[in-house]
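Here's the structure we're looking at; comments come further down.
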Ligand code: DGJ
């Protein structure tokens with residue numbers, strides 16, 4: 001028996017690489033033909049069945065070494081549901097009687113569209129396994145790549161389709177793969193929806209027969225359905241306990257995740273390129289690679305699912321040197337809400353002086369500095385400094401900002417063009433459009449077709465020059481509309497629809513090359529708010545903008561949804577003016593700080609309107625934020641009270657990985673009657689250690705709260721924070737051993 005078991009190279013003690021750990025392993029049992037991946041607390045297993053189909057076997061809590069991992073042969077249920085349909089295939093070709101969601105659908109030039117993918121070969125690798133599939137009769141080969149993260153057990157799956165025929169084939173659907181959950185009746189799908197200004201809304205619905213489709217057809221990720229899912233069990237899963245299967249696509253273009261329960265009761269989650277309007281011509285010998293679809297499992301609730309995913313993003317997805325954590329987010333000031341397009345040297349210098357006084361570390365000039373950009377009708381595409389606003393270029397402003405001890409950052413929106421721009425006048429065929437058809441504009445702008453090599457090369461050159469000639473430490477990379485009329489001017493009809501993939505690949509190429517040439521420059525992904533946040537763009541940018549909605553109450557809801565999927569250390573949050581520009585709500589400055597300090601802190605107010613007291617309040621909170629930022633950005637997030645729309649109340653706790661510090665935020669939109677508040681019981685502390693507690697604003701502790709107590713006390717007894725009134729909040733820092 002043992003002789004048949006061939007293990008991957010991650011066996012404890014056998015691996016020479018210092019990166020390897022005893023807790024990740026890949027193995028293949030030649031007797032049962034079962035592949036088994038183990039990492040963190042997770043086991044993931046699949047097998048080659050009697051027909052050669054690749055079949056899911058198990059995905060859940062980690063099993064013991066030597067446990068029997070196999071599943072009985074699966075037969076069709078009836079003449080209506082033949083085996084191909086009932087077998088929970090890992091990567092099903094559309095053919096052979098399949099009605100469930102296919103991973104791959106191909107049209108051959110002779111009209112054949114039947115594709116049955118069977119096992120051909122495999123290779124165990126350092127971090128997973130690669131499995132070759134091939135069609136039963138035609139030379140179409142698919143390489144499936146499986147990885148498992150040794151710490152979190154998060155699996156990564158992608159597929160590369162190779163056209164081994166002598167002519168063209170057309171790929172009509174290319175998914176990264178299907179994840180299969182055990183048979184069950186009580187599954188709930190948790191997902192994130194939204195629109196501009198209201199991104200990251202949490203949704204939940206039962207999983208049943210009848211698919212739920214989470215998708216974007218916009219050309220980019222979009223706010224409507226983030227490419228993220230989490231499946232819990234009704235009655236069994238809470239924030240703190242119970243099983244959760246979760247995952248996200250690493251793709252910034254049109255995407256689709258389909259969640260369905262098949263005729264045999266299994267839940268199948270299939271994700272990849274959105275097949276809507278998809279048709280990718282593959283010439284002889286050409287290949288198409290899908291995005292990676294990551295997914296994890298925990299038995300410890302929605303909170304732990306987030307913490308695992310956050311850790312995985314910090315360790316594996318976000319850009320950073322191999323042996324380091326991602327850099328901490330700088331506290332930034334951004335000019336947009338203060339000046340909009342009315343930027344000039346004197347105005348920006350005045351704001352910079354004030355920002356430096358409260359401890360800001362990065363001064364970012366937003367839209368309006370280039371071309372004929374006085375409003376949103378002109379200038380996009382012309383990335384040269386507007387000499388009326390900056391007669392001596394950007395250098396004097398940058399020098400002033402640097403002299404004040406801050407880095408300089410700049411707003412760009414490289415993928416767009418206004419019709420009223422020199423670029424569009426010179427290259428009207430560079431936009432996404434259909435020949436001879438109207439070109440829909442959004443915010444008076446059109447999308448440049450980055451799939452065209454000449455557009456890609458132009459953007460790389462322009463941005464490279466901007467970064468080479470100016471001391472710019474940060475780019476806010478904006479993207480303010482979605483695609484329409486998705487034509488590729490000049491491309492052959494058969495290649496038109498490659499745009500859905502090639503655009504995004506070239507965008508990634510530009511970002512990667514800029515990072516290579518300018519390794520010190522950090523980049524933010526912004527899409528008029530949180531419209532392009534996904535694991536693909538996060539691999540090439542350092543931070544993201546969650547929403548243009550900066551109201552601190554709405555933000556608590558937005559941040560709660562965001563952090564269900566993505567790490568708080570990536571999420572920028574600004575303190576802006578009151579009343580808020582979007583919903584006209586007035587809130588105290590301290591409340592705005594306590595809301596924004598739960599991510600990467602930014603300040604976007606018009607500092608010219610502040611009085612001395614505001615500067616003092618801001619300085620206090622900025623100083624407190626600098627003390628806790630590593631904990632907020634790299635620690636474990638516990639959502640102790642999750643806000644719900646209507647009457648928002650939120651209590652969040654961030655605990656440093658080594659448990660040496662914790663940061664607690666509790667905020668209420670309004671209190672009612674004399675209703676008592678529940679004691680706040682912390683989580684994740686070291687029960688035996690002693691922690692000193694203090695308020696972030698330096699005020700006295702609430703009555704009855706001891707200055708020092710054990711972790712066990714803070715987690716068992718907790719603290720009473722009696723808030724009264726509207727827009728009230730308090731922040732606390734707990735420090736171990738003091
Ligand atoms: C949309 C962004 O979300 C805003 O923060 C700002 O940068 C504007 N674009 C500028 O046009």
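Note that Cβ sites are derived from N, Cα and C of the backbone, with glycine treated the same way.
Quick look at what TrEMBL annotates:
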ACT_SITE  548  active site, proton donor
BINDING   196, 366, 367, 443, 476, 477, 478, 479, 480, 526, 548  substrate binding site
DOMAIN    52-282  domain 'Glycosyl hydrolase family 36 N-terminal'
DOMAIN    651-734  domain 'Glycosyl hydrolase family 36 C-terminal'
SIGNAL    1-22  signal peptide
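All features noted in TrEMBL, drawn onto the structure.
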residue: 196; record: substrate binding site; Cβ within 10 Å: 15
residue: 367; record: substrate binding site; Cβ within 10 Å: 22
residue: 476; record: substrate binding site; Cβ within 10 Å: 24
residue: 478; record: substrate binding site; Cβ within 10 Å: 24
residue: 480; record: substrate binding site; Cβ within 10 Å: 22
residue: 548; record: active site, proton donor; Cβ within 10 Å: 20
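Of all Cα pairs drawn from 196, 366, 367, 443, 476, 477, 478, 479, 480, 526, 548, which the record names as binding substrate, the longest spans 19 Å.
Between residue 478 (substrate binding site) and residue 548 (active site, proton donor), the C-alpha separation comes to 12 Å. Contact annotation for recorded positions (196, 367, 478, 548) versus ligand 1: 367, 478, 548, each with CB under 6 Å from a ligand atom. The domain 'Glycosyl hydrolase family 36 C-terminal' (651-734) scores a mean pLDDT of 97 in the predicted structure. Across the domain 'Glycosyl hydrolase family 36 C-terminal' (651-734), DSSP classifies residues as 6 helix, 35 strand, 43 coil. Checking the binding-site residues (196, 367, 476, 480) against residue 548 (active site, proton donor) with a 10 Å Cα-Cα cut-off leaves 196.
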